[in-house]
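Visitor: Positions annotated as active site, nucleophile by TrEMBL: Cys8. Under the heading active site, TrEMBL lists Arg14. Among the features that TrEMBL reports, active site, proton donor is placed at Asp120. The coiled coil annotation in TrEMBL covers 140-230. Under the heading domain 'Phosphotyrosine protein phosphatase I', TrEMBL lists 2-135.
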Amino acid sequence: MMNILFVCTGNTCRSSMAEAMLRDMIENEKEIHLNIYSRGVSAIDGHKASKQAIRVMKDDGIDISRHRSRLLTKKDIENADLVLTMTTNHKGMVLNLYPDAKDKLYTLKEFAHKDVNVDDILDEINSLYIKINEKREYLMENRKGEIQKLRKRRREILKELEEIDEELENWEQDIEGELEEDKAKIIRLQKKIPSLDIKDPFGQPTEVYRDSADEIKEALKRVVEGLKEDK
């Protein structure tokens, strides 16, 4: 049986919802056998789940009213086969406290989107930035004479300042216009990189808890599908 540990800050909002939702998701999955629990890096033992978290889970037919918060311990980490944190900050805190956990430690979204090769996307983005800078330098060099002439004329003939400024702006727009396609590609690639954090609903209205629960649910669906494929 695989042990999955969810981690957030106080173990009263996100990780408690994630624990309950995953348990609910696999209830009828005969091929998946998991021991699921949750902890908080700064939790105080014995606190109930937040009222908003209880309400949001109740809307989904899940009862977490009996949940009680627990502080993360070394034993929790040692017993876990997989540790899923709600944010990259939580992941960093766990790694700092328990460096031996590095090979089984992920943010929930990172693990859910493990099929997305972020490194390849980042490499392509970096290559495009280099390409843009090189192209900008080339284009600027090709127009260097005209730009210098216009700048000199602006200094010497104040009466023509407005006209010269307009011409300079046109040159710059032409240059940036030739870079638009590459810049747009960077934006499209950046949108492919999933956020690795679950929104923190603590102290927020119920609808923020709902948003956080929806994020957790979508990530857990991918986790469950991945677990099925590994069987």
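Using N, Cα and C of the backbone, Cβ positions are placed for all residues, glycine too.
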Visitor: What is the interatomic distance between the Cα atoms of the residue listed as 'active site' and Asp120 (active site, proton donor), given in whole Å?
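Guide: Their Cα atoms are separated by 30 Å.
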Visitor: Can you give me the Cα-Cα distance between the residue listed as 'active site, proton donor' and Cys8 (active site, nucleophile) in Å, rounded to a whole number?
Guide: 29
Visitor: With an 8 Å cut-off on Cβ-Cβ distance and a minimum sequence separation of at least 6, pull the same-chain contacts of the residue listed as 'active site, nucleophile', or say none.
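Guide: Those within reach of the residue listed as 'active site, nucleophile', by Cβ under 8 Å and sequence separation of 6 or more, are Arg14, Ser15, Ser16, Ser38, Gly40, Val41, Thr85, Met86, Thr87, His90, Ile198.
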Visitor: Which residue counts does DSSP yield for the domain 'Phosphotyrosine protein phosphatase I' (2-135) in the helix, strand and coil classes, in that order?
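Guide: When I sort the residues of the domain 'Phosphotyrosine protein phosphatase I' (2-135) into the three classes, I find 66 helix, 24 strand, 44 coil.
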